[in-house]
Amino acid sequence: MSVLIFVDHSEGHIKKASFEALTYGAKIAEQTGTTAEALVLGTVSDDLAALGKYGVKKVHQVNNESLNHLDAQVYAKVIAEAATASGATVVVISHTQTGKAIAGRVAVRLKAGLVAGACALPDTSNGFVVKKTVFSGKAFANVSISSPVKVISLNPNSYTTIAGEGTAEVSQLSIAVDAPKVKVTAVNKVSGEIPLTEAEIVVSGGRGLKGPENWGILLDLAKELGAATACSRPVGDAHWRPHHEHVGQTGVQVAPNLYIAIGISGAIQHLAGVNRSKIIVVINKDPEAPFFKAADYGIVGDAFEVVPKLTEEIKKMKAK
Amino acid sequence: MKILVCVSKTPDTTSKIAFTDGNSKFDENGVQWIINPYDEWYSLVRAIELKEKDPATTVHLVTVGGADAEPIIRKALALGGDEAIRVNADGSDSYFIASQIAAIAKDGYDLVFTGKETIDYNGSSIGAMVAELLDVPYISLATKFELNGTTATVTREIEGGEEVAELALPAVVSCQKGVAEQRIPNMRGIMAARTKPLKVVEPAATDTLTSIVSFELPPAKAGVKLVSPDNVGELVRLLHEEAKAI
């Protein structure tokens, strides 16, 4: 018996969300008296034995050229076969872009109940109940899985990575890999930017900034904090910022440690996309802006004065 | 070309979320129901555009839900599409719902469109499950979808960017912003929708693998700590020392 954690990587490096999934999966193994094992598909330059630090005993790798690009059909077959081979009763996948492509397929192959978007460890005191976010972050549901094998996809930034000591045993797994039916013809990555869903800090702007030409103050603050940048829906719709920065119920949902909202009133649809953030700071000149009710810290003031000061103060703090 | 568009009934985005019966049921009191925005704005509109380009294309809608989902299906038909199928069942288990859709989709569809997720359960998993049940490719989180004969060229979101992929149909694709632009139904569409066929079928026998035990609301925030705009340094101190966020 085991808990199998699917480990995702990009450009040779294991993704942050996968470290969270490893820690989470290892904890489930401890809780259920089984061992945690990791599965890596394709070529990775990171040291796989070091994944033992997160609590996994074994790392299985399937290295095959056909796995260098994501074809959900090909991946799911390999993951499901590896799960069966390692006697997995729980499979953990990150609820990321890759995870969303494969978790449902893996669940069907294993005839396993799926909780997609989990945000806490399962409660195994009476059955197997996993808490997940619903209504776009406005609520949680406790979902019971009744099948013998369970698949959980874990929300990024919802479980803290713990690195301890340990070395995992790395082995090559021999599983037949199908030829992909999906041919990737181009990859366009925005280089130098922090992916919004992985960011620890997000700085976000709304209509209060009055126009795209005023975004400089926000970008300076983001740069000083090493933060990703985001925007409200009206800003995305007006093409002041690229639409992939739109955060909210119908945009990207984020859960950073710190979310700084500048000139955003805080409509319910926007809050749905950000209310899993640990700390929310709101800067708005309107004291009645609904966002203040959802915030931890706030400044009622003019963004054009407050934001440059904030950048300066952070610089000062870092210099100390 | 036969396209099947999956539509789901969800609470309006402005709905106040509350629960009844000891937090075991969603409180429908005063809730406005809408078509899941990703289904309506992107996958349905893109399917209609494909039919406008090639009139030989048929567009069918499918929903899994009770009779109370019918006003939503009519509203979807007012945008376009030839007919709708309602699988007469309720449920929240993604395996059960995907199995119902797959049972319909087996009937000669070349392309199945879903929204990237529903705004109520946010599982983002139905498309992947339907694809696996049909044993066809799946492209998730599409931001562009072009068709040339039976070859699809799809741009999809990946972490930190996007990639372009080519594949031969049949396939399942989940759609999000970028695939199409939202449309408003016109009077002609609304009138036409009244007489479009809406078939009701009973659900296929399938296992249910998960069930919702209870709901919870997030704990209320303690209240905002306001800092004077003349004392921005204090905010930095609080974020550093108290919140330990920077």
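Quick reminder: no glycine exception, Cβ is built from N, Cα and C everywhere.
Remember, TrEMBL labels are computer predictions, not curated facts.
Residues annotated as FAD binding site in TrEMBL: A:Arg207, A:Ser232, A:Arg233, A:Gly263, A:Ile264, A:Ser265, A:Gly266, A:Ala267, A:Ile268, A:Gln269, A:His270, A:Asn284. A 10 Å cutoff on Cβ-Cβ distances gives A:His270 (FAD binding site) a total of 26 other Cβ atoms nearby, all chains included. The DSSP secondary structure for A:His270 (FAD binding site) is helix.
Under the heading domain 'Electron transfer flavoprotein alpha/beta-subunit N-terminal', TrEMBL lists A:3-186.
In sequence order, A:Ile268 are the binding-site residues among A:Arg233, A:Ile264, A:Gly266, A:Ile268, A:His270 whose C-beta falls under 8 Å from a C-beta of chain B. The most densely surrounded of the binding-site residues A:Arg207, A:Arg233 is A:Arg233 (count of other Cβ atoms within 10 A of its Cβ). Put simply, the two farthest-apart Cα atoms among A:Arg207, A:Ser232, A:Arg233, A:Gly263, A:Ile264, A:Ser265, A:Gly266, A:Ala267, A:Ile268, A:Gln269, A:His270, A:Asn284, the recorded binders of FAD, are 18 Å from each other. All chains included, 22 other C-beta atoms sit within 10 angstroms of the C-beta of A:Gly266 (FAD binding site). Cβ neighbours within 10 Å of A:Ile268 (FAD binding site), excluding its own Cβ and spanning all shown chains: 18.
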